[in-house]
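Peer 1: According to TrEMBL:
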- A:R55, A:T56, A:R105, A:H133, A:Q136, A:L267, A:P268: carbamoyl phosphate binding site (BINDING)
- A:K84, A:R166, A:R228: L-aspartate binding site (BINDING)
- A:6-144: domain 'Aspartate/ornithine carbamoyltransferase carbamoyl-P binding' (DOMAIN)
- A:153-302: domain 'Aspartate/ornithine carbamoyltransferase Asp/Orn-binding' (DOMAIN)
Amino acid sequence: MKLNCKHLCHSLDLSLEELDYLFNLAKEMKKNPAKYSNSLAGHILGTLFFEPSTRTRLSFESAMLRLGGQVLGFSDSDQSSAKKGEGLWDTVRVMDGYCDIMVIRHPKEGSSLLASEYSQVPVINGGDGGHQHPTQTLTDLFTIVTEKGSLENKNFAFVGDLKHGRTVHSTLLALARYKGNKFTLISPSELKIPAYLREQLTKMGAEFEESTDLKSAISDADVLYSTRIQKERFFNEEDYLKLKDNYIINNCVLSHGKKDMLVLHPLPRVNEISIEVDSDPRAGFFRQAKLGVYIRMALIHTLIKGGHTNA
Amino acid sequence: MLKVASIKNGVVIDHITPGNGLKIFSKLNLKDIDEPVILLRNADSSKAGKKDVVKIENFYDLPLEYLGILDSNITINYIKDEKIIDKKSVSLPLKIKGIVKCKNPRCISFEQKDVSPEFTLNNREDGYICSYCEETTSLKRIKL
């Protein structure tokens, strides 16, 4: 399948049909990895990480290596010419001669869209400031489909830093396109979703309510999506310290949730989910991180070669 | 009542919100034009009570998008041989590029003077949405 978009900068860049296609391909890649293990031999993934990342970068690298491709790049802006004052557009123009596809993480919002305007090869947004993280969204959706069977008619509770949490912004918008979903958005009043996102959700007809009460909000949730308070997005330490421990999910909190509730987190966690929760079968965040590799494999493969047909 | 001469050929920027006439005069750099220019402030208006008016002789080329953001109430009359040959209402443009900078300090375009986002009009109350960060810059915060 050829995707309508050349680049993936936003979680709404892919149609529902394209998402279904990627979920099926990722499922097939997980089931039959040998079939795809050499399918991108001779291709190079460029990783331009201007901000620290463990999961996203290594998940992309793992995905490319599992497809038989190779990887080059940097994992910190200090290792790139950005430190010398080079503009993003120049870095991108140079890198697109060195690789066949690139993933970019950058602290500024809209950076991957800007990069896509200068790149001849596909650009994947690996997180742009507090704005979007579309491949985390692919991971989240693929995990929900895998574990719950469908993306429709579910109650979702999002908790934590909903203002700066780009994964929340991306995933909320993506889930709002599926019918019958309801959202409870739990955060301190200082960390509510941004106004533009609230407006977009309203325009899409999404059913959502905002709350500060975690325990009562999770009683109906099919999926509880927790996020870290994004320390790096605060302009002063004092505000961060005041808000950082507002919501901690532990076994006591989970006792208010359904028996089959799925607990997700984009990771890294700091202390918003207690370690005691890890042994609860509802804790799906490490399974989620693993599934992220397969959906990224499906995405890279489809952007470069068009998916199933060119294995 | 003050009588002001009409122009023979050129444009009349009419129905300017009182107080904006001087701003338009300044932003369009009309002080540098060699042709006759009239700035009329607080003229009587049957629609709004008061209005400002700018008349420019032998001049037709106006940046309509820019004027739309400066004052979306205005109308422009194009005059030839003392007759109105065309009349245009200026409104807020649906898309703008290169006129406005994004006000979101987290946006990639904020500190990069060479990066120019396209803005899409959200609505008159909220203002324009930045193509890069999707944040809205309200009309009140747009300083031209």
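In case you wondered, yes, glycine gets a Cβ from its N, Cα and C as well.
Where the annotation comes from TrEMBL, it is an automatic prediction and has not been curated.
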Peer 1: What is the separation, in Å, between the Cα atoms of A:T56 (carbamoyl phosphate binding site) and A:R166 (L-aspartate binding site)?
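Peer 2: About 13 Å separate the Cα atoms of these two residues.
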Peer 1: Quick check for the class: what is the C-alpha distance, in angstrom and rounded, between A:R228 (L-aspartate binding site) and A:P268 (carbamoyl phosphate binding site)?
Peer 2: 7
Peer 1: Would you list, in sequence order, the binding-site residues among A:R55, A:R105, A:H133, A:Q136, A:L267, A:P268 whose CA lies within 10 Å of the CA of A:R166 (L-aspartate binding site)?
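Peer 2: Matched binding-site residues: A:H133, A:Q136, sequence order.
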Peer 1: Which three-state DSSP class does A:R105 (carbamoyl phosphate binding site) fall into?
Peer 2: strand
Peer 1: Looking only at the domain 'Aspartate/ornithine carbamoyltransferase carbamoyl-P binding' (A:6-144), what is the mean pLDDT?
Peer 2: 94
Peer 1: Out of A:T56, A:Q136, give me whichever of these binding-site residues has the highest number of other Cβ atoms within 10 Å.
Peer 2: A:Q136
Peer 1: When you average the Cβ positions of A:R55, A:T56, A:R105, A:H133, A:Q136, A:L267, A:P268 for the carbamoyl phosphate site, which other residues in that chain have a Cβ within 8 Å of that mean position?
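Peer 2: For the carbamoyl phosphate site the neighbour list reads A:S53, A:T54, A:S59, A:G126, A:G127, A:T167, A:P266.
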Peer 1: Any idea which of the binding-site residues A:R55, A:R105, A:H133, A:R166, A:R228 has the thinnest Cβ neighbourhood at 10 Å?
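Peer 2: The binding-site residues A:R55, A:R105, A:H133, A:R166, A:R228 were compared, and A:R55 has the fewest Cβ atoms within 10 Å.
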Peer 1: Which secondary structure state does DSSP assign to A:H133 (carbamoyl phosphate binding site), in the simple three-class scheme?
Peer 2: coil
Peer 1: How many other Cβ atoms sit within 10 Å of the Cβ of A:P268 (carbamoyl phosphate binding site)?
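Peer 2: If we count other Cβ atoms within 10 Å of A:P268 (carbamoyl phosphate binding site), we arrive at 10.
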Peer 1: Which ones in the same chain are close to A:L267 (carbamoyl phosphate binding site), with CB under 8 Å and 6+ residues apart in sequence?
Peer 2: A:R55, A:F285, A:Q288, A:A289
